[in-house]
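As written in TrEMBL, here are the features:
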ACT_SITE  402  active site, proton donor/acceptor
BINDING   223, 224, 225, 226, 227, 228, 229  FAD binding site
DOMAIN    61-239  domain 'FAD-binding PCMH-type'
SITE      274  site 'Important for enzyme activity'
Ligand SMILES: Cc1cc2nc3c(=O)[nH]c(=O)nc-3n(C[C@H](O)[C@H](O)[C@H](O)COP(=O)(O)OP(=O)(O)OC[C@H]3O[C@@H](n4cnc5c(N)ncnc54)[C@H](O)[C@@H]3O)c2cc1C
């Protein structure tokens, strides 16, 4: 978007009244209230691909925010919420904006509350094996600090360098070592939050409790609609003393699925398991003779005490060999290790392609059918639509199917129509085949059309909770398929 169109936006979208700016400045300091149009433009979206498509065509995905506030403490967050309630102003919690479903996109000029200044490790308790950290801490800085102390949180998303710990919890995310350590909901023990009514919630970190439904889990995955998570306590593990890689070639995807199911159902827990479909395998194995007869790539990482990790590797390999896998050179593993935290999406976007990723959860019963039906649906939408998939979060009951879809350069309107159609087909097939429409990216705005079917009466329960805590619908309104704010034009 060029300077002329920014000037155009400035005319169209209101910033805050100066009394309100002064009110917020009294809380966070004037230097931590941004109202310039360029700043507001920088905060008008997250990494939702549809948002990028709109910007490429000089349109906003939603609106500009009316301001950006950067509090430094949980007390300042509470003061912001109290002031916003008194003045009926809408707020959006903002971590690092790496979400890919539109969770931080303003719909009615909401005020962004950027939490990145709330970013300290409060306590590393090596007796209990826990770390308490403020929600705005950058993921990579957090993990590196733990590693300097000989620990890991075991949550290593591809976006670790561009996301915050609070964002992980708010989106119910998954890291690349999830097959061993679990998703973030398995790692969070406790948290503190400022609720939409200004009250402070504390869920004390303990191993387990039996006092009604889990209040903690109301906040995990709440995507900002139930308030601001300001602090979390996570499990930590000793940094593994030993790691080893394993690269395998399978004769078919079915053989790979059968082997991985048996591995995890045998209580084996490699730190990393990644199985690639033919499209994604070929990209990673070109020129490797082992893959001519057995074209499906699987990479694994084993870690922990050396004796235990070695046995785990041997037992896993024995199962995979029963499914006719062969061991290959480590090159695909090393390439993955070197690039595991990179983001490639910008290359395709800037070359005029329309790229997106969709992750769903399937059961072992339905995964083969799910894969074939979704791949065929994508190709039926456009013969040149790229469709590739891998499975890298593996559970005894099933796995996450992570798909990349990409349309070639074409007129924007047509691309947006076909892109939407791809989402509709894939998410509807997922529901028909008994899966979950989202494994770890969350729901944001873009998944609104499928949340009712996914949650059924649960969505009404969430709306009742939201209305009780936030009767004026001020805190991240319209996300997670909850009631849209008055004046929103978002179509879903
Ligand atoms: C290239 C790329 C790779 C990715 N890889 C992964 C991956 O491997 N695993 C994965 O799980 N995700 C991945 N993601 C998605 C994204 O990084 C995650 O969803 C991440 O957890 C978002 O964190 P954030 O701090 O950037 O949150 P934001 O994008 O700022 O916010 C996301 C949502 O959470 C809410 N929120 C943020 N912080 C708080 C808080 N403190 N309190 C209350 N609400 C809050 C926001 O309001 C919004 O609804 C990837 C994204 C990209 C672009």
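For all residues, glycine too, the Cβ spot is worked out from N, Cα and C.
On the structure: features taken from TrEMBL.
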residue: 223; record: FAD binding site; DSSP (3 states): coil
residue: 228; record: FAD binding site; DSSP (3 states): strand
residue: 274; record: site 'Important for enzyme activity'; DSSP (3 states): strand
residue: 402; record: active site, proton donor/acceptor; DSSP (3 states): strand
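Listed recorded positions: 228, 402. The one with the lowest count of other Cβ atoms within 10 Å of its Cβ is 402. Between the binding-site residues 224, 229, the minimum number of other C-beta atoms within 10 Å of a residue's C-beta occurs at 224. Apart from the site residues 223, 224, 225, 226, 227, 228, 229, the chain places the Cβ of 93, 170, 193, 196, 219, 222, 475, 476 no farther than 8 Å from the centroid of the site's Cβ atoms, the recorded FAD location. Within 10 Å of the C-beta of residue 226 (FAD binding site) we count 25 further C-beta atoms, all protein chains included.
Not one of the recorded positions 225, 226, 402 places a Cβ under 6 Å from an atom of ligand 1. Close to residue 227 (FAD binding site) in the fold, though at least 6 residues off in sequence, lie 81, 93, 193, 194, 195, 196, 201, 219, 469, 475, each with a CB less than 8 Å from its CB. Sequence-distant neighbours of residue 223 (FAD binding site): residues of the same chain at least 6 apart with a C-beta under 8 Å from its C-beta are 103, 170, 171, 442, 443, 444, 476, 479, 480. Of the recorded residues, residue 402 (active site, proton donor/acceptor) and residue 274 (site 'Important for enzyme activity') place their C-alpha atoms 11 Å from one another. Close to residue 225 (FAD binding site) in the fold, though at least 6 residues off in sequence, lie 466, 470, 475, 476, 477, 479, 480, 482, each with a CB less than 8 Å from its CB. In sequence order, 298, 299, 300, 336, 390, 391, 392 constitute the residues six or more apart from residue 274 (site 'Important for enzyme activity') in its chain with CB-CB distances below 8 Å.
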